Amino acid sequence: MAYILKATKCPTDELSLTNRAIVNVGDFPEEIKYADISPAPGQHFIFALEKTVEVPSGYVGFSLVQRKWAMVSINQELEVRPYRFDASSDVITCVSFETDFLQKKTVSQEPYDSDQMAKEFIMQFAGMALTVGQSLVFNFKDKKLLGLAVKSLEAIDPKSLGEGKDTAMRNVRFGRILGNTVVQFEKAENSSLNLQGKSKGKVVRQSIINPDWDFGKMGIGGLDKEFNSIFRRAFASRVFPPELVEQLGCKHVKGILLYGPPGTGKTLMARQIGTMLNAREPKIVNGPQILDKYVGESEANVRRLFAEAEEEEKRLGPNSGLHIIIFDEIDAICKQRGSVAGNSGVHDTVVNQLLTKIDGVDQLNNILVIGMTNRRDMIDEALLRPGRLEVQMEISLPNEQGRVQILNIHTKRMREFNKINDDVDNKEIAALTKNFSGAELEGLVRAAQSSAMNRLIKADAKVTVDPEAMEKLKVNRDDFLHSLEHDIKPAFGTAQEILDNMLARGVINWGAPVSNLLEDGMLYVQQAKAPESSGLVSVLVAGAPNSGKTALAAQLAKMSDFPFVKVCSPEDMVGYTESAKCLHIRKIFDDAYRSMLSCIVVDNVERLLDYGSIGPRYSNMTLQALLVLLKKQPPKGRKLLILCTSSRREVLEEMEMLTAFTSVLHVPNLSKPDHVLAVLENTDIFSKGEIQAIGKKMAGKRVFIGIKKLLGLIDMARQTEQSQRAIKFLSKMEEEGGLDMVARQ
């Protein structure tokens, strides 16, 4: 038998807390305790009934929570049918509720004992009808009202009872609870409710890691190892429930420092960490933006960054969401305290304020500070200790596999729209772009695109574009090779122009001494490359002035085929103070440590040390800096070859500098007529007859001249008339002391 009743509000708050449908005493017989209420065809909701005289006949009262769940409006006509539960199959053995405060604005950190809550719930609602998804209001010990949502219902499977098997449980859509029903409370997602006790179920938490992220979509390549390391150190603890973390006594990592050469992807990586995480949009702050001209405003700017996190931590406690704050160029505001001149001390107080916010007396556990810098050495040490920016990750230059990934990312759209030729092999380009950073690889792709576009532009009186450019435009292999040769050079690459300048005349093999020097030099190169080597090989190329030491060192550096070759020359430091010179030398070595294979050519060491024989005088500060750097081992896995040249070996020995070198290569002068003749044959200035005549004149004479001096005399002879060249050459050699025309005794 169906009744047609109109919906109305629940007459009193006390009746609302019963979570039952309120009907008039005269509308239903005493034995009917449950009703199937249907607000629309196909919709059925099972309610327990509460009979009272406070509801008019022909009406059924619902609380606001019940009306929302059953989608019932005031004065809506409802079809109400009496309902009877099956005593054997509809008895709920276990119910699980998703629990939160009914009114989210009035939250409390007061603990709620889930065991006591379960007992109280059974006392209040024994015999109650429940449906999965049903919303209820629960008043526990006059504390703040709780909102419950039925998450799951379990009942005994009657088949297992009939077959004599072990009792089996099955999930049901609705049922009624009895005095022995097990009640569990699970905290709702992002709820600040503090549940305690054994009747506490699983906590509903949103995974901190976004499920659909990947490096390719984020535009990041070659940083898989770094991301894995950051995840292990910084995010693994945040994946687990706060209760487990609390039981372990574990503290989350609050800070990450990303450092490394410019253009390697530090800022991109930090920006995309927010995409990787299910957290609030990160606050990205440029370091200098923090500083303010007004007293105290710089510190206030730091406090404002943490204000939201502090407020949420107080309100939600361990259930607070993660707040990410990213500092770009953090070295601008976190320099070593006491290192900045001036009496304002603004930088020092900003550092102090940041230290206290990250890990001070009132600790915040819901923040992650990410700092980025090229100059890790400038940052205050207190900021780098555990509890602050404790995860320090070097974002180094990508290896060949990483360069392939980066090139794939930057050429992806061209491949999608068929704007790149099949002859472009990213693996080949990656092999050619040693020590290129991510930004430089992106620049290389742009330069190749510009080269391809330029082919379709006609620059006559007017600049016109080929009308069929859309179809013709394709980037090919030659575009990449052209850009690699002319447009983009790596900051941590080979100083090719300087080496070519040093080798303007090449290395002339005038005899066995030169061959032996090149062979020995290549042995040191192989020693530096060898996996089992210590990682540091330093060689002094010593010899008389003008003997070709610089050219030999440059030739060895070029033959090494190291991706990073830098020249440290006194020419680049003219006018530098001692401290500026030391900083310049140190920067060259620091840059070398960032490459897997590096070679540094330190030319003319005694000039670098400001050595003067009258006095004598030298720069002790520069000497000590060089001694330290020559002996310093590069980081693990990095290899460094140092080639130094000097014309004053005895001076370096007095300065106790020779012991800093692995070995010494002695470059001799030309000491035999055959040596000079070999050079003359190589220069193609003198005819064979002239060379033979010069050989006869020099036979039995003492020869001692440097290759550089000899080449200078040959250039001078080039300007002389053909008939006088040989005579002029020999006379100048004698004048310069390179040839003693007196016969040997």
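For all residues, glycine too, the Cβ spot is worked out from N, Cα and C.
As given in Swiss-Prot:
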- Arg505, Gly506, Val507, Ile508, Asn509, Trp510, Pro545, Asn546, Ser547, Gly548, Lys549, Thr550, Ala551, Leu552: ATP binding site (BINDING)
- Thr550: Mg(2+) binding site (BINDING)
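The most densely surrounded of the binding-site residues Arg505, Lys549 is Lys549 (count of other Cβ atoms within 10 A of its Cβ). For the binding site of ATP, formed by Arg505, Gly506, Val507, Ile508, Asn509, Trp510, Pro545, Asn546, Ser547, Gly548, Lys549, Thr550, Ala551, Leu552 according to the record, the largest Cα to Cα distance is 18 Å, rounded to a whole number. Note on Asn509 (ATP binding site): other Cβ atoms within 10 Å of its Cβ, all shown chains, come to 14. Each of the binding-site residues Val507, Ala551 was scored by the number of other CB atoms within 10 A of its CB, and the lowest score belongs to Val507. Secondary structure from DSSP puts Thr550 (Mg(2+) binding site) in a helix. Under the DSSP three-state reduction, Arg505 (ATP binding site) is assigned to coil, being neither helix nor strand.
The binding-site residues listed here are Ser547, Thr550; among them, Ser547 has the most other Cβ atoms within 10 Å of its own Cβ. Sequence-distant neighbours of Pro545 (ATP binding site) (same chain, 6+ apart, CB under 8 A from its CB) are Ser647, Gly706.
Calculated from their C-alpha atoms, the gap between Asn509 (ATP binding site) and Thr550 (Mg(2+) binding site) amounts to 15 Å.
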